Each structure stands twice: as C-alpha cells, then as structure tokens.
Amino acid sequence: MEGLKLADSLLYSHGGKPLIPLVTTTTTSRFTSRTTTFLKPANFNLTLGTGCRVYAGCRVRTILHVHSNVKGSREMRFSITNTSASMQPVTTEMVEDKPKDFPVSGDSIRRRFLEFYASRSHKVLPSSSLVPDDPTVLLTIAGMLQFKPIFLGKAPRQVARATTSQKCIRTNDVENVGRTSRHHTFFEMLGNFSFGDYFKREAINWAWELSTKEFMLPPERLWISVFEDDDEAFSIWHDELGVPVERIKRMGEDDNFWTSGVTGPCGPCSEIYYDFEPQRGYSDADLGDDSRFIEFYNLVFMQYNKKDDGSLEPLKQKNIDTGLGLERMARILQKVQNNYETDLIYPIIEKASELAMIPYTKADEHLKTNFKIIGDHMRAIVYLLSDGVVPSNIGRGYVVRRLIRRAVRTGRILGIKGDVKGNLEGAFLPAIAEKVIELSTQIDSDVKSRAPRILDELKREELRFVQTLERGEKLLDQLLTNALLSSKESGSAPCLSGKDAFLLYDTFGFPIEITMEVAEERGVSIDMNSFDIEMENQRRQSQAAHSAIKLTVGNSSELTESISDTEFLGYDTLSARAIVKGLIVEGNPVMQVSEGSDVEILLNRTPFYAESGGQIGDHGFLYVSEGESKWRAVVEIKDVQKSFGNIFVHKGKIREGAMEVGTEVEAAVDAKLRQRAKVHHTATHLLQAALKSVIGQETSQAGSLVAFERLRFDFNFHRPLQDHEIMEVEELINRWIGDATDLETKVMPLTDAKSAGAIAMFGEKYGEEVRVVEVPGVSMELCGGTHVGNTSEIRGFKIISEQGIASGVRRIEAVAGEAYIDYMNVRDNHMKHLCSTLKVKSEDVTSRVESLLEELRMMRNEVSAVRAKAAVYKASTLASKAFSVGTSTSIRILVENMDDTDADSLKSAAEYLVNTLENPVAVILGSSPGEGKVSLVAAFSPGVVDLGIQAGKFIGSIAKLCGGGGGGRPNFAQAGGKKPENLCNALEKARTDLVAILSEKAS
C-alpha cells in the first residue's frame, strides 16, 4: 500500500451531533494527481493492509480504480458509505469526470429525508401507485396526489403530518429527457405534508435545516424564490434565517403559484435552488439558468381550491405540500454533472452501454443523450408495468407503449439489436429492465415479485414493435424524402401530411412523438391539425363511449362539506333506520323532493353497498312510514355511489309521496340482488386463485365487474386460454364450491395483511387498516366488498366467454349462483329446440350440424362453379368487342360491364379473356353484384406488363371513383367499391386511360 497516506483528522460539527473526523486518501506522484475526501464517525476504525478492511458501520465500495494517461500507472481510490444517518458528505467543487462510486447513495438520501421528518412527528407513509385514484389525472404526477381529498376537505385526515417518497410520472416534456441535466419521465418526490397543522414558518425552517445541516449544503450556495406577493415567506427567509436579499427572488404566478391540475388544491410556493457557480455573483442571476442553478426543493403553501371556472376559494384549513427531487439532491451530493450520472440511474445507463458496446465515458454528446433516454425511460416503463399499466393505444397504456417504443428506437440508434445473446430476433429491453428491478428494492418492494410479468410484457411489446419498425422506418424515410423534394419544387416549407403521420401511427405503431422527432431531425414539420382529425375519426369509429363518475356534485359542494361520512351497516344487515341528511336534484341541493322526481339522497347511515372494488351498488327502497304498515313516501334506489371520500349517494326516483331533509327512513336492500352480488364477488376471488393455479402466479388482475347477472374479470396474460385450461379453471372453482368452506373476514393493519400474503384488488386505495377476505387454503384478498358466508352458497360456476380486450389483457365473463342456474336453463332450452328441429338426440347434434355444413359447402361450390361457367360463356360473347391500339405494336383492349356477376365469377371471366385473346392484351371488367357493391378486375398479359403498366396500381385508381380501392399483382388485380352508380363512368375512364397509355407505349 505504498503511496497511501492518511491526512490528519479535521473536525466538523453537524447539527449539534458529535464531531466527525475526515479520512483523506492521496496518491503519490506515480499516480494521477487526485484527492478524495470522506467523512467517518467519531468511533471510526480503519485497517489498511491485505483486504483493506473498514469497520464501524462503513464499507469499502471500490478498492482499485485504474485511471491514467501514463502506461502502467494506477490510481487507488476508496469510497466509504456510512450506514448511519449521521454521516455527511463534504461539499466540494464539482469535478469534471464522474466517479465510479458515490460518496452518498440515493437510497441513503431517501432514508435520511424520511428519518428527518419522522423525528419531527411526521408519519412515514408508503408511495401510492402510479395509477391514481383520481379521474382528473392520468398518472400520479406529484407526491400530494394521494392526499388531494384531505387537502380539499372531502376526506378526514388520518394523521396531522406525513412524509413520503412518492413515485411520479410526467411525460409532458418528454422531448427534453436526456437533453437537459434534470428532466425525467420517472422520478421520486420526497415530501413532507401538513394537514391543517403547521404552516409556512415551520415548513421553511425545517427545509433550511434539512438542506444546510442534515445534507450540509453550504448556505451561501442556496438561493430562494417566493411568490411575488408573499411578504410573509420573504420575511421568514430573510429576517429569521438570514438569507441575503440578493439571493431571494420574487417571481410571478407561472413560476411560484402551484396547482395540482386544472382544478384542485393550490397556493403560493417557495423554492430552494442550488448554485453550481457562485463565483458568477449576484448581478443578473437568473434562477432559470440550468447551467448554473437547479431547483431541488419546492414548498407549497396550500391555501386555496381552484374551481372549474378558474376562481379560487379558501380551503377550510391551511396545508403544507412540499417536494424535494431525489434525483436532483443526489446530483448535488454526489457531485456529478447531471441527474443521470447519479447512482439512481447510472447503473441502468452502464447496462445499456454494455449492450451497445460503447463506453458511456467515451461517447459523444449525441450518444450520451440516447443513453440517458434509455436510462430514464426504462425506470418509467418498469414501474408503470409493475403498477398494472398495460401497453395499448389509449390512456395510460399509450404512455407506456410510447416510452417502450421510444426506448426500442433509441437502442437501435445505439446499435443494440436482438437480445444480445446471439438471437437477432430477440428483445434487449428485458436485459436492461433487470437492472432497474435490481435497483428497485428501496423504491418499491413489490417490483421484484412482479418481475416475471414485467419482463414478459416488455418482451412481447418490444417484439411486437420490432415486427413493423423496419418497414415503418423505411416508409417514414420515403415520406420525409418526398416532403423535402416537394418543398423544393413548390418553394414552400417541407411538411408531412397528417394523413401520412396517422398511417405511421395506426398501421406501423409509430407514436406521433417519434415521427415528430425524426421529422425534426430532417427539417420537416407535420400537419398536426389534419393528424388530429384522423385521430378523432378513428376514435369515433373504434371507441365505445366511456362514462366517469364526477367527483363533484354540481353546486352541492357546500352541502357535502357539512355532512360527515356515511356509516355503512351492510355487512351485518340489509335494513336499517336512517336520517336524510341531504337531497340533490340535477346537481343542486334542495330541501324537498316530490313524487316522480329523480333524486340523490345522502343518509347518515345505510345498509346499501356503494359501488367500489368492481362491485356495483345495491338496489332497494327507502320508506317513510305514516303509521303501522302505511307508507307516506317510497323511493326506489337504483344505484349507490361514493363521493367526496366516504359519503354514500343513493340515486333513485320518488315513487310515492315526497321526501324532505331530516326525515327518518327505513332503508331496505333488495336481498335477492345483494345475494347475487355476493355470490359473484366471492366467485371472482376464486377465479383469480384458479387462474394463478392453472396459468401461473405471475398473472394479475387488471380490472373487474361484480354485477347481479354476471361477473367480469380482466387479467394480464399474453395469449388466449386454451379449452382445456378453461375447463381446468371451471373444475377447480366448482370443486372449491363443493368443499363448502366457511369464509373468514377480519380487519388488520395493511402491513400485516401484505405479510400474510393478501392480494390487493386492482384500482383500490387502502388505508392503514384493511379488511381481509379469506377462503382458507384457496384465496386471501384485501377487499371491502360483500361476500357469501360459505362457498356452497355459490352453487355453481360457468365461464361464458374468454377474449382479449387489449394488448396483454384478457377478459373472462362468468356466471354463478342464480345467474348460473338461469344461464344453464336457457342453454338447455336452446339445446332442446335444436334437437327438435334436427330430429336427433342431444349427443348427436354436433355430428348432424357438421353433416349439414358439409352439404351446404358442397352445394355452394356447385353454385359457384355454375356461375363461373356462365360468366366465362358471357365473356366469350364479349371477346369480339376487343379493339387494338398502337402503331409499332398492336395491343388489344377490352373494357366491359358484366352487370351483376359476382367477384369470383368476374375473376374467372377475366382470366378466360386474357388467356383467349392474343398477347399483348389488357382486360378490365366491372360488375355490381349487389346493392351498394362494385367489383372490378384487371388482367394484363405479359406483353402489357413488359411495357411498365401494372394491373394493381391501375385498378386501384379506377376503384376510387366507385368509393373503394384495391390492388394486386402486376398482371392481375381486383378491387371493390360502394357506389354502383359510378361504375359506368369508372369503366369509361379505364378505357380512356388505357387507350392513352398503351397508344403511347406501343407507338
């Protein structure tokens, strides 16, 4: 170990904690000149020698690093990471080259942040899913999203203070990923929250203490921004904490007034920036200068709710919502040039670099940008897939599909092809995803358990895209070339039509953003207006309308704010007395509702189950008594929904009398319908367990519907179920039903439930206490729905359909209980009718139907043959109408209308004519075989094709006149249309065009 020297210990204080000596390693003149400094605890013990052991909570992360321009020289470097929160990095100038190990890990930054606020009475809560329980946003975009109902005052707070590390996704500025030092699609937001507890003074003081004492950032490098009118925040920063006026910037609404979306909680904010170049001084300092500053902590003083009309209303209580970007703090403390080169992302980049066989450190800036895109996108992709988002062409599915395809294309630019294991047809993204999964433990512990499903889905999606990528790339290249040539000829700016961009999107799977990026590289714009029109046309044609429950009830927000949560009694009883706390008609609160009116009723307590967890709301009646066995009012309830947290909204119609606020009612659930729902809900649990048993544990729920007449279960799986698998699932479930097992329901802490192996239902949000429904030995799930007491109540189970509904998502529809009996009775009646009609026994129905189908097929073949012969005979009578054109070469042309001849017979006639007439010959035939139908065929002999005329291209242009299209081979092509009234004109144009073209060619 010659040449390694230990510097004398230097003393630093840390927030009143014991003094911490430093360890400095220095190389001798034989090595590249460099000094690396690390902190050690006061009880630090270091042994340098064989093995280089380090004790007292520290570990050596890298022992030897080779780095020199001198042949044979080496640099010895040590990196020590303390396992306790007291270890702090020394703040020094940022170095030019990125070290291979990090003086402080991203995981430790996350931990120390949470511990800091936990020691200040904040409850540490887990990250919520990237799929939010909020219809106003597509994905979880901020740490506060899971607390939005609390900030709005629509849900009671469970704690006064909380702290989280929240997974977030934002793709609004995806084009900046990799190009700047800080933009990401996936990132972690460290946050501390106050729900009507502390406010500005505490939030600002703790943020400063965390930054300058816990993370030991030099105070002189920190700048502050405040909202332009927020004098209170300005005073706290300057007068109480001593931040110089020169380093506090007042900024406008665009920069320092935070909103969670178009509507929702909002308020002024204050941000902390780190200055990488303090030597530039205060003059003309611009906090938006990314080359000098990075904003790492945002403190939102949430005081208002932004309404639909844009107006602000004060919140009932003042709240604090903060966000500290983990990747940004890691960049600062790890002293690297950008967020991507921190230990949170750089290992992923290194994996991509390894697959591309291009060292990241030797890559130019363009290649580094591509590596950064992959490093960023792969994190977003893995966590989205883990949280149940499946690639598709709409909504969240489109977000993950777009990121996957962008990563695939970027990898191909870097030269990564195949699975890098010799299979050029394989997928490479799973290999990189494995690195993301390896790094996920401290971010989301569920990712590793979901790894098989994540990797399978990623592989399928990549291979699906690769199948069309090359063809799409060639087409895009040709379209851009054409656009550039056209612009030269016309003198206008090059532009790709929206129709062409949509073709790439719809047929070749190119996200429009990728097309835009490639077009921009070539200097071509895109007509986005016409692209949007094409997209809208597709939506109208292919998408069914979707309805969503609005979280606000018209002008009734004041009403619901004064009403406490509804007490649910439906687990134990189907009838109960309750008080009407509110009435809503057409979104407006009223005091009384008369007979015949549709109404929404809020009760203080109810036996009615409100739709959630896939189970639909109960049906039933509300009665207002007027003496024994008499009713003053009757309300029929047809649906129950939850709104504003846990307020049950009973939707129905006044059948008799009138209803008033304050009235006592008898609430009675329809027992038969509730039983049907209970049966289907328990059957859904059994179905999930059976699917995991038959097709694999990696399958997971992607949605469900528990209705009275059937159940629907969506699950992640890459192929259709085979018949024997469906039978096995049914047999397994019916066996469990026959076992007559009592269900067990209990309430327990969420952590205990997960530890016991309980499965969470898709789309549900859980508190600290959860309800666990267990079929012992079969299924255990977190579920708030209603269930049977014993599996024997289900009586029977039958799958009625299994189909794909999206890429990688299958759907099973099934019936159980009374619905099962109804279904089997209907099927039995159909079978009896078939047996009577066919005059066979039920066991002979299949063979009899097959026999009839074979007879029908033979008869159709005979009819087709007769029609073909008739068409050929008719064509033979038309042969004499052929005429010749050309001078040097005589070419025969025949263009005729064959009335109502069907398409197959028309083909036979054309083939006969082109073989009968002397070569060279061109035959065009048309017909109208039915209402709204046109058939066209073009047959060219070799002599015509040799002249450069292709039947496929020719007939396609003619078919457009008849409202259709088509194509085929150079010598033979067919087409169709929808406008028979245009057939004569189309054939006349075909005759004219053929004469013109062939006359010129043959002259």
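Every residue gets a Cβ built from N, Cα and C, even glycine.
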(request) Could you tell me which of the ranges 618-645, 730-757, 842-869 is annotated in TrEMBL as coiled coil? (result) 842-869
(message) Quick test of the contact rule: Cβ under 8 Å, at least six residues beyond the ends. What residues does that give for the coiled coil (842-869)?
(response) 831, 834-835, 901-902, 904-905, 908
(message) I need the neighbours of the Zn(2+) site defined by His681, His685, Cys783, His787. Which other residues of that chain put their C-beta within 8 angstroms of the C-beta centroid, in sequence order?
(response) Lys678, Thr682, Thr684, Val706, Val773, Glu781, Gly785, Thr786
(request) Mind looking up the mean pLDDT for the domain 'Alanyl-transfer RNA synthetases family profile' (104-826) in the predicted model? (result) 88
